[in-house]
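These features come from Swiss-Prot:
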| type | residues | note |
| --- | --- | --- |
| BINDING | S94, N110, V111, R112, G260, G261, R262 | substrate binding site |
| BINDING | H98, H108, H147, H177 | divalent metal cation binding site |
| ACT_SITE | H108 | active site, proton donor |
| SITE | H177 | site 'Important for dimerization' |
| REGION | 242-277 | region 'Important for dimerization' |
Amino acid sequence: MSIPDSSVVKAFLLELQNNICNGLEALDGVASFKEDSWKREEGGGGQSRVLTGGKVFEQAGVNFSHVMGASMPASATAHRPELAGRNFEAMGVSLVIHPNNPHIPTTHANVRFFIAHKEGTDPIWWFGGGFDLTPYYPYLEDVVSWHQSAKALCEPFGDETYPKYKKWCDEYFWLPHRNETRGVGGLFFDDLNKQGFDKSFDFMQAVGNGFLTAYAPIVERRKETEYGEHERQFQLYRRGRYVEFNLVYDRGTLFGLQTGGRTESILMSMPPLVRWEYAYIPEAGSPEAALYSDYLKPRDWLSL
């Protein structure tokens, strides 16, 4: 088995952050990212980049972080008790994009690497990540192209890879209290290490590099679509689901807060504007109703 090398992972993640920021700036055409570098007292730090007030993107955040500590937090050891008593190193790129136009979906992506050491034993390490799409208005073409891109990047890694990580994504981004998915899914993987460092790293890179390939065509198709106050209000209402998931269920958010991570960077995923409405029910036969009935549940999008 190849030896895990965190330095090559870090170099890739920094390059990925640059590439994604450059790609998003090109899509927006007006706004640019502002960088905020930070250090963590217990060890490590990161670079938070945020674009606000763009022509296409209301807010887009692309974070790189590399943190270390003497012991793993409860959020990490809960499902991996063998990590207790080990020092750790965690690094990743995480992004969330909230567009202005309700016809462009919100999206999230993350790729990460963990390694935990204890003197006299082999390190415990794994990769994780994925990307997912949260549309406000139902465009089957966009959802299918998103999943086609996800499947294509998985194909070199085996026929079972896409269905496995697609299913995991549907299960992870589920809001039990709403009985609905956060969006239309994509890929989600974690604890990836069984095939050795090199192959696992290859897959993580494929997911990171595949994100813009999947998302950019959707932005291009929808960015000139006209919308009014009704669509905007529905977008703001549905953004509430994003807030609910991230603050109640998301493991990455919990890990960051429990490890004393930088709060501004962790909560960068929050939409700049959001609204809740008591007992909202979409009008029968409307596009909003179609989102609820046809899109907020796990489906095999590539067989429709």
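Heads up, the Cβ atoms here are built off N, Cα and C, so glycines get one too.
Structural mapping of features recorded in Swiss-Prot.
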residue: S94; record: substrate binding site; DSSP class: strand
residue: H108; record: divalent metal cation binding site; DSSP class: strand
residue: H147; record: divalent metal cation binding site; DSSP class: helix
residue: H177; record: divalent metal cation binding site; DSSP class: coil
residue: G260; record: substrate binding site; DSSP class: coil
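Only residues 6 or more beyond the boundaries of the region 'Important for dimerization' (242-277), in the same chain, are considered here, and those with a CB under 8 A from a CB of the stretch are 36, 38, 40-42, 46, 48, 50, 52, 58-59, 61, 63, 65, 67, 69, 73-76, 90, 94, 96, 98, 106, 108, 110, 112, 134, 173, 175, 177-178, 182, 233, 236. Between the CA atoms of H98 (divalent metal cation binding site) and G261 (substrate binding site) there is a gap of 23 Å, rounded to the nearest whole number. For H108 (divalent metal cation binding site) paired with S94 (substrate binding site), the C-alpha to C-alpha distance reads 8 Å. Distance between Cα atoms for G260 (substrate binding site) and H147 (divalent metal cation binding site): 35 Å, as a whole number. In this structure, the C-alpha atom of R262 (substrate binding site) lies 33 angstrom from that of H147 (divalent metal cation binding site). Put plainly, the binding-site residues G260, G261 were compared by Cβ crowding within 10 Å, and the winner is G261.
The binding-site residues under consideration are H108, H147, R262. Their Cβ neighbour counts within 10 Å are lowest for R262.
Neighbour counts of Cβ atoms within 10 Å were compared across the binding-site residues H98, R112, H177; the minimum falls on H177.
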